[in-house]
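Notes follow the structure.
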Amino acid sequence: MSDLTTRTAAELAQQIHAREISSVEVTQAHLDRIAEVDGELNAFLHVAGERALEAAAAVDAALAAGEAPASPLAGVPLALKDVFTTTDMPTTCASKILEGWMSPYDATVTTKLRAAGIPILGKTNMDEFAMGSSTENSAYGPTRNPWDTTRIPGGSGGGSAAALASRQAPLAIGTDTGGSIRQPAAVTATVGTKPTYGTVSRYGLVACASSLDQGGPCGRTVLDTALLHEVIAGYDPRDSTSRDVPVPPVVEAARRGAAGDLRGVKVGVVKELHSDSYQPGVLASFDAAVAVLKDLGAEVVEVSCPHFEYGLPSYYLVMPSEVSSNLARFDAMRYGLRVGDDGTHSAEQVMAMTRAAGFGPEVKRRIMIGTYALSAGYYDEYYGQALKVRTLIARDFDRAYEQVDVLVSPTSPFTPWKLGEKVDDPLAMYLSDLCTLPTNLAGHPAMSVPSGLSKDDGMPVGLQIMAPALADDRLYRVGAAYEAARGPIA
């Protein structure tokens with residue numbers, strides 16, 4: 001393994017911009033690493049080596065001509081979750097229904113990455129249409145956890161997290177609907193942030209649940225993640241949910257936090273996200289992390305968010321309802337797979353045959369749940385009630401932030417389980433979102449930072465840090481301070 005793949009993105013950027021190393025060298029080193037290990041891990045669905053090297057060469061040429069770097073991360077390659085559209089690579093969402101589909105336009109996030117001079121190594125594996133917590137729901141096979149290849153890497157963005165953890169990429173982009181950036185980060189000992197809803201454009205992000213989906217940055221350090229956050233965030237008039245507000249100073253906050261002083265910061269431990277039903281090693285790691293925050297000068301208090309108890313059932317009504325609506329567009333008429341189009345079937349039959357063949361079991365399950373929840377006789381009883389709970393959860397957050405600056409919890413109640421262990425028990429798998437989904441329901445930012453290895457099985461555990469809307473910088477200050485005090489993960 002080239003030592004170029006072990007350096008942080010910040011280190012690589014500094015050395016590329018100083019012309020001590022070239023972007024082509026760095027990109028090639030990561031492509032070599034992909035060729036070496038991804039046959040076993042299956043983190044990538046598509047590798048764009050030639051295009052990535054062309055982008056890297058363009059960065060090197062610009063620097064050689066005396067031009068300033070296009071961004072603080074210019075020349076540092078990246079892995080992109082296969083849910084963002086790209087004109088030069090297939091966008092499949094890990095589904096057979098979009099196998100080989102080429103988008104006619106780039107997502108705004110893709111456009112920002114290209115403008116920043118960031119070579120895109122390829123598109124990463126995921127649960128189909130971002131529905132799942134293990135990356136086992138991909139139509140192209142599961143991704144394996146680099147820490148133990150018999151275990152899951154989290155989901156839905158397990159491909160991006162596994163690529164980071166295995167040194168196949170120094171940076172990655174994910175999406176988070178109910179924890180799909182943070183839970184994979186936790187179980188692979190990487191860093192992932194779900195920004196405030198509406199601060200990273202969803203234009204060109206294939207929708208799962210539109211009121212919950214949020215693209216976000218992933219890295220191996222808090223500073224790397226902050227640098228990428230500033231590249232992809234910002235107002236986009238093409239996204240009707242985009243917020244026209246300044247990007248929080250997350251890089252400055254990360255650098256400040258690394259100094260290790262949290263005096264004056266109030267941290268709330270959420271009572272409802274600390275349960276004896278959680279894995280003992282997860283709780284032990286979390287309690288140790290809270291002790292570190294106290295040692296850094298933070299004031300730690302317990303806070304109660306009583307309606308979090310209803311977060312899981314509320315989420316699993318809101319999200320499938322939006323899925324049912326969004327995925328209606330895959331009708332075999334406009335793009336993607338088309339089955340039975342031989343002139344002997346009606347349009348309705350072609351649509352039914354295509355959806356039956358093209359969608360996997362979990363996607364079908366959520367479409368059915370959502371369609372039922374939205375049906376005329378049950379709308380108020382199910383979907384309407386879930387929206388009321390969503391409002392109550394947001395109010396719980398508001399009351400909590402009157403007392404504290406940030407909230408903390410374990411990222412996931414469990415360490416990564418064995419591949420196949422929960423495939424036939426979706427309810428058990430849904431529980432892995434227990435700690436992460438409240439922030440999606442409220443639209444608030446949250447981050448997962450590695451907090452060590454579980455005493456139960458030696459697998460990675462994550463500390464979740466949450467903040468009020470548009471206070472993403474608080475995540476980075478606290479996360480960087482904790483990261484510096486915690487030291488390396490074994």
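Placement of Cβ uses the backbone N, Cα and C atoms for every residue, glycine included.
Its Cβ placed at the centre, LYS81 (active site, charge relay system) has 31 other Cβ atoms within 10 Å. Among the features that Swiss-Prot reports, active site, charge relay system is placed at LYS81 (among others), with the record citing sequence analysis.
Per Swiss-Prot, the feature active site, charge relay system maps to SER156 (among others); the stated evidence is sequence analysis. Secondary structure from DSSP puts SER156 (active site, charge relay system) in coil.
Look at Swiss-Prot and you will find SER180 tagged as active site, acyl-ester intermediate. Under the DSSP three-state reduction, SER180 (active site, acyl-ester intermediate) is assigned to coil, being neither helix nor strand.
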C-beta crowding around SER156 (active site, charge relay system), within 10 angstroms: 35
Length of the line joining the Cα atoms of LYS81 (active site, charge relay system) and SER180 (active site, acyl-ester intermediate), in Å: 11
Cβ neighbours of SER180 (active site, acyl-ester intermediate) where a neighbour is any other Cβ within 10 Å: 37
C-alpha spacing of SER180 (active site, acyl-ester intermediate) relative to SER156 (active site, charge relay system), in angstrom: 5
